[in-house]
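Engineer: Sharing a structure with you now.
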Amino acid sequence: MSLNRANPTTSMKWRTQIRQNLLVFQVSSILLQRHNWVSLLQKLNLSSKLTPSIFNQILHKTQTNPQISLLFFNWVQTNLKLKPDLRSQCHIINICVNSGLTLPVRPIMDSLVKTHPVSVLGGAMIDSCRGKSLKSGALSFVLECYSHKGLFMESLEIFLKMRGNGFIASGTACNAILDVLQRENKIKLAWRFYCAMIKDGVLPDKLTWSLIAQILCKDGNFERIVKFLDMGVYNSVLYNGVIDRYSKIGDFEAAFERLNQMCERKLDPGFSTYSSILDGACKHGNEEVIERVMDIMAEKGLLPKCPLSQCDLVIQKFSDLCKMDVATMFFKRACDEKIGLQDATYGCMLKALSKEERVKEAIALYHSISEKGIRVKDSTYHAFLDLLCEDQYEEGYEILGDMMRRGFRPGTTGLSKFISLLSRKRRWREVEDLLDVVLEKGLLPDSSCCCSLVEHYCSRRQFDKAVALHNKMEKLQASLDVATYNILLAGLAKNGRIEEVVRVFEYMEGLKLLISRFLTSTNPPRPYSLLIFFDAEQFHSKPELHLQDLYTQYSLVSSSFIANNDVSASSSLFFCDIEFKESQNSFSLFGVNSLPHIRLVSPNVKNLQDSEVMDQGDFSLMAESMAEFVESRTKLNVGPIHRPPILSKNQITFLIVIVLIWVRFFIKNVATKDTILHDWRVWLLGAVFVYFFSVSGGMFNIIRKMPIFLVDRNDPSKLVFFHQGSGMQLGGEGFAVGFLYTTVGLLLSVVTHVLVRVNNRSAQQVVMGVALVVSFWAVKKVVSLDSWKTGYGVHAFWPTSWR
């Protein structure tokens, strides 16, 4: 009797898994059943035992009590100093949002939005929500977070991912996306999104119609809004849009007509409605309409009877609605009456003027704020900075410096826009000073700002300043684009600063700059070509693709090209490889959707998808076909392929010794005619084997490394031996055809060499008949197989004399 001993490694894994399961059960039970769970968990010494996997399992076990799950999540971060992975954070967000606990997890969501690309975060959230309701509250919560931050493209990307995975966004989330699209004036995108939302079965609510009305107004389709009203489709928002339009063009008669119609339809005009008319009257200086509307608003309690008694509230309300003509009127009246206004009033005015792009008024108001020492919110300064970035105002640099001295910390986007504006104006001294201040404070502007300054330094041969700026960027883990790096490295190399070239290049390698960025950052014609091999490690296990073998041959071409050419020729062609997991974006940029795949990017290619693709049929010749492809497209000489020797020196020495020993015995047997080569049966079998090997495509199978069969994709339990289509022939298919050919050949040999020696005429006739029938059947099978594979039929034709 034999005993099989357990594998120690397997046993250890099993024990570890048991201990982990017990820990998960113990911790989750304590959390769900004990009020004093904190003191009990402290005794378990979880800091050394808790892994991200165990932590995620505990969250899954305690999701029936979301409050406890959230408390444990926060306790682990605070007390155990364990930073949860993306999966755990998505899981806790999913648990809490589905239970209505959105506020506590909003900081977690905000942090994830800042630290993770939308593709990664969206994929993780979708994985967390699989197997649950298709109307996922967590995914809708993610959409709202991106939308509230103004990241509409990211919102749309997640929305598309949701649709692709069968999830449906909530009406609130859809409204949030519509809102950000209309605020950013992305009207076409808004209409497309609205169509997708309706297709998904999301019913519009009151807020949706309000947003649609605003989109119609921004779309300039005023006539369509009026048609809606005349057709009986109306609401307050549509009326407000029409009245606001009439008021802006000064048609107050039409505005009051729509106002009366609004009242007749039982819609109560509000502060916004009357503000539109009042703002238009102030814009056109119509004192009669101003007095009339102010009286109506005072009667309805929308304005105090003496507006200047509460001028701060009045101005702020009009500013919040961006009704700046009427707000300015009350502001001037307050100043004329020497009424002291609150700091918040100045802030609201400046913010609204900035949003309305009323540059001169905004700058004049800022100077007043600066002189009086008034403090306003950072959000106001952000809006004002955006206005300065859009305008060619000469004092913008001084104003920004004054704002920063007053404690304003500009955001990355606004700061980058302003520095780019200065760069376009070629005000390099101001760019340099501003970047120094910004980088010293730890702020990181867009890389394009630093790129423009580095290129300016290089053009003026001020390499010390360029290197100093790059050193500051290194401390903040920032980088230039590849084109700027090329300029910087070329300048440093020409001036003999090799050590700095090496250090900068090593920093570039650490950043893992992608080939796609390297290509798209330089304009054609480029002084080089690129041969790119596309690879995917997850497909290395599929023998039919031969990816590893092809990559080996690709490496041979690369090494042979370098060995056969001098430095100048070698620098005109670069060999690159892109792995799918490391650079999925590069695959999409080139439009690669199947493997194996090799592309040549010539110097004049602008669109990467227009680069030349190597025909997959040429892969059979391996390295030689790749070299021929390069030589035919680039006019460069690759040279002979330097393959490594099949056998090492030690192996060759060993074989020589064996052969020398064997030769002695072989010569002796040859002399006595006692070898296998003297047996006629061996030659007969050899001849049959060579014939079978030839007609079955054996050499084709060896060269192409074709499998004998494939697994059926529709039913993995079945095997496929015959592949329909002329592009490929499986090994089993070749052997079947070879067997039929060999059968016919053997029957022919029997008839011509054996049957003629038989004296019995009846036996000859029977054998001849059987041979003909079998041969006819075999040929028919081969012809039918050819017709099935190629689609071309073979037809017999009778002789003309038989007709």
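From the backbone N, Cα and C atoms, a Cβ is placed for every residue, glycine too.
So TrEMBL says this about it:
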type: REPEAT; residues: 170-204; note: repeat 'PPR'
type: REPEAT; residues: 235-269; note: repeat 'PPR'
type: REPEAT; residues: 270-304; note: repeat 'PPR'
type: REPEAT; residues: 342-376; note: repeat 'PPR'
type: DOMAIN; residues: 344-515; note: domain 'PROP1-like PPR'
type: REPEAT; residues: 481-515; note: repeat 'PPR'
type: TRANSMEM; residues: 652-670; note: transmembrane segment
type: TRANSMEM; residues: 682-703; note: transmembrane segment
type: TRANSMEM; residues: 735-756; note: transmembrane segment
Engineer: Summarise the model confidence on the domain 'PROP1-like PPR' (344-515) as a single mean pLDDT, whole number.
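Structural biologist: Reported value for the domain 'PROP1-like PPR' (344-515) is a mean pLDDT of 73.
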Engineer: Treating G and I as helix alongside H, and B as strand alongside E, what does DSSP give for the repeat 'PPR' (170-204) in helix, strand and coil?
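Structural biologist: Going through the repeat 'PPR' (170-204) residue by residue, I get 26 helix, 0 strand, 9 coil.
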Engineer: Should anything in the same chain at least six residues away from the repeat 'PPR' (342-376) have a Cβ under 8 Å from its Cβ atoms, list it; otherwise answer none.
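Structural biologist: Sequence-remote neighbours of the repeat 'PPR' (342-376) are 311-312, 315-316, 319-320, 322, 324, 327-328, 331, 383-384, 386-387, 390-391, 393, 395, 399, 402, 406.
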Engineer: Going along the chain, which residues at least six beyond the ends of the transmembrane segment (682-703) come within the CB cut-off of under 8 Å?
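Structural biologist: Those are 620, 676, 729, 731, 734-735, 737-739, 741-742, 745-746, in sequence order.
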